[in-house]
Amino acid sequence: MIQPFDDTYFMKKALQEAEMAFEKGEIPVGAVIVIDNKVIARGHNLTEMLTDVTAHAEMQAVTAASNFLGGKYLKDCTLYVTLEPCQMCAGALYWSQISKIVYGARDLERGCINLNTKLHPKTTIQGGVLETEASELLKRFFIQKRNLN
Ligand SMILES: [Zn+2]
């Protein structure tokens, strides 16, 4: 069967990035940026390893995508991220003028939606793609962390 290039396909790639974060003991959030059905950037949370609160998956993916495209604006690009972006990432995405954001799980506490963080007028946002997988991974991480302490 030919794998269609749909939201689920690309969110699976973001989940693979989140798994990599998990393996490193980082809060498992992953992201990819796609243009013309091609992944041009990947990132996963590295805040512990880099001791840098800005090292969220989306921030790294945005930087990598801009490097790849040789321009700061992510026109016609879609970000797939396993967790709803926080205020900082939503802010960076605002500046990037990215066309679309697709997230997996909601983050009711720190996510940009409940905190009313403004997205760029050119940006559309959609959630709930592989939501269960994304939140299960986060739950598994926090349960494991609690058991280690
Ligand atoms: Zn963030």
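Cβ coordinates come from backbone N, Cα and C, glycine included.
The annotation domain 'CMP/dCMP-type deaminase' is assigned in TrEMBL to 5-114. Confidence in the domain 'CMP/dCMP-type deaminase' (5-114), given as mean pLDDT, stands at 98.
In the three-state DSSP scheme, His56 (Zn(2+) binding site) is classed as coil. What TrEMBL records for His56, Cys86, Cys89 is Zn(2+) binding site.
For Glu58, the entry in TrEMBL reads active site, proton donor. Annotation for Glu58 (active site, proton donor): same-chain Cβ neighbours under 8 Å, separated by at least 6 residues, are Ala31, Gly43, Leu79, Val81, Pro85, Cys89, Ala92, Leu93.
According to DSSP, Cys89 (Zn(2+) binding site) sits within a helical segment.
Within the same chain, the residues at least 6 positions away from His56 (Zn(2+) binding site) whose Cβ sits under 8 Å from its Cβ are Val29, Gly43, Asn45, Thr47, Cys86, Met88, Cys89, listed in sequence order.
Taking the mean position of the Cβ atoms of His56, Cys86, Cys89 as the Zn(2+) site, the remaining same-chain residues with a Cβ inside 8 Å of that point are Ala57, Glu58, Met59, Pro85, Gln87, Met88, Ala90, Ala92.
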